[in-house]
Amino acid sequence: MTETAIAKPDTPAVNPRRLPKSRNGCQQCKVRKLKCDETRPACKNCIRRGNDCPGYTKVLKWSTKHEVHKQPRKSRATFQQSDYSSNFSASPISTTSAAAKDASPTLPFPESLTEDFPDERATKRARKTPPTEIDPEITNAAAATTEQRTQEDDDVIELPRSSDEDFLSIDESPLFALLQNSGLQTASQNQASAEPQSKALLRTFYRLPPATPQAALMDTGSYLIQHYFQDVCTIFSSFDSSLNPFRMTISRLWTDSAPIYYAIQSMAAAHLANTYPQMSVVGVEMQKKAGESLEQELQLAVSGETKPDRSLLTLLLLGLSACWHRPNDLGLGYLRAARTLMCNKLLQDKPMETKEQQRQDQFFEEALVYWEMMMGYVAPAVEETGAPPIAPPTQHHFPLPQQGPQSSESKVLPHPWTGVAPRAQILLAEVGRLVREERMSYRTELLDLEAHLAASQRRFSVAQALEEELLSIEPPDPESLVDVGDEKTSKKDFLIIAEATRCAALLDLYRIFPDMLTKRLGPEAAESDPSPSSSSSEATISTPKSNIAFLNSLATHTLSLIESLPSESGTRFLQLMLIVITASELRFTSSAAPYGINLDFFDPSSDDAKVAHARTFAEQRLEEHARRLPAKPVRRMLEIVREVWRRFDELLGVFWLDVVLDRGWETVMG
């Protein structure tokens, strides 16, 4: 057997896997990642599967592979146990106890919040850890695959990597720095700097308006927080400066407290609903999340495990803004919780309190005074709400504590809500409760006439005590007031609001208890008004004609006080309730009344021109406030006032609270 030598080639065999892959296959094979034989007009893979072969035409795509993209904004907030070190200190609302911080509940960052931060989420998905040892063959294959996917798939934006320390801290956050400088960048400016130049050029050329916040901003949560600090905290306080706790204190707490974080977003969304109605849904959702996250804190605060200050602050935000979402929402649940916390604080003996703690307690106490004033007319009775036991107005112990002598050196710092009139506001709250009880009695007590007369006599006695308290109020010396640092709100504004509050309380007392006014005016005012109400559904208030002239005069005087306030004054929200009370007493009292109705039995000396001017001012001022403040409750107030005027002009005796009760138009008027 002859051996035959087999010659070996000089060049080594080429591994077909090392050959460069063809990029010319049909699109069907590319999608399925199959080897295409590139047979024309149709490849064998498509023929075998019965598919229409798309052919081999190359598709050109815009690639962003080598573009340099803007660093994504860091806008995510963390809620961790360690972050509770930023408390109320160094602000008008300050907590000085370190034990309270240690006992504060742990609030991990809610998973649902990640929906508000798409940039951060995309960054995390883009992170990849390179292996320590890389095989060259794997590297080549990976490079080829990456190149192929770059051509075949949709555009992929490579986001810069970020570390776990990218979350906002209270001292390093851009928002905090902006707040310190009192200059917030608007959302439209942020969007303009982020959008491509080509889009900005065409937008300018076509004279297009800026995009809506929903379309322009990916981070809705960040935008809402910006809007709160830019606009909402300004209208939520009678002044906006470094003394405004709803700016300065909230800026220190919103990153550490989930309830506050959600609450300020709900308020911002409700305010934006004036312009963008679709934001109403966002506001309600944020309000719901704030309430859910507040439950744990409330349990600890009620049990005494933590101080109630942070929970009280959240309740103030949510309770007074509940009507911003739905005008009929009085926020009674928040009020019940706030009453419980405040009653616990009031029953505690705290002789060793520091001055900072005293100022903080005073802030919350006066805030509850304002809140109770807002609810006096419209809130149901205490037993109906399940609130802590509060004595009815007929069991009030008068007189109120006397005002202490004011030192020439002592200074009065106006409160964001009560201003310099906490005494007048608590008296108006008592008047509201008493008037509501009196008007409701006509719906429930008339079946027992004897009981009704006895209860009315008790209420009349309380009304007399309230009148004496209101007449004895003395305004503070203007020189003793601290300048709040807001050029839009002067010291005079607070004094005007205080006097208007006192007048509004007296106006309703004299209207509901006409005998008290008759006694005050003298025996010559005993002649009764011969025009009874023609409405069977409303209780008739017999009003002497001299009383009507006095009430008209008092109403126009009070409205003239409010008219003297600048329209841009920070006391806008303090004016709302006063306008409703006083404007609802403006009646034409001469033959010059509209529709040619002859009212000769009224006092002919009354000046209907003043009444017409006052009506016009009240309507215009409410319309103006509806554009600046959250519109839903203000629109409801306009409905109340216009309905009262309509009934007055039709010679129907009516009281504004009767209209509210009949129509179900209860709302928080502040």
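Here the Cβ of each residue, glycine as well, is placed from N, Cα and C on the backbone.
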Annotated region 'Disordered' segment (source TrEMBL; candidates 35-61, 386-412, 602-628): 386-412
Segment assigned the feature region 'Disordered' in TrEMBL (from 1-24, 289-312): 1-24
Mean of pLDDT values spanning the domain 'Zn(2)-C6 fungal-type' (25-53): 84
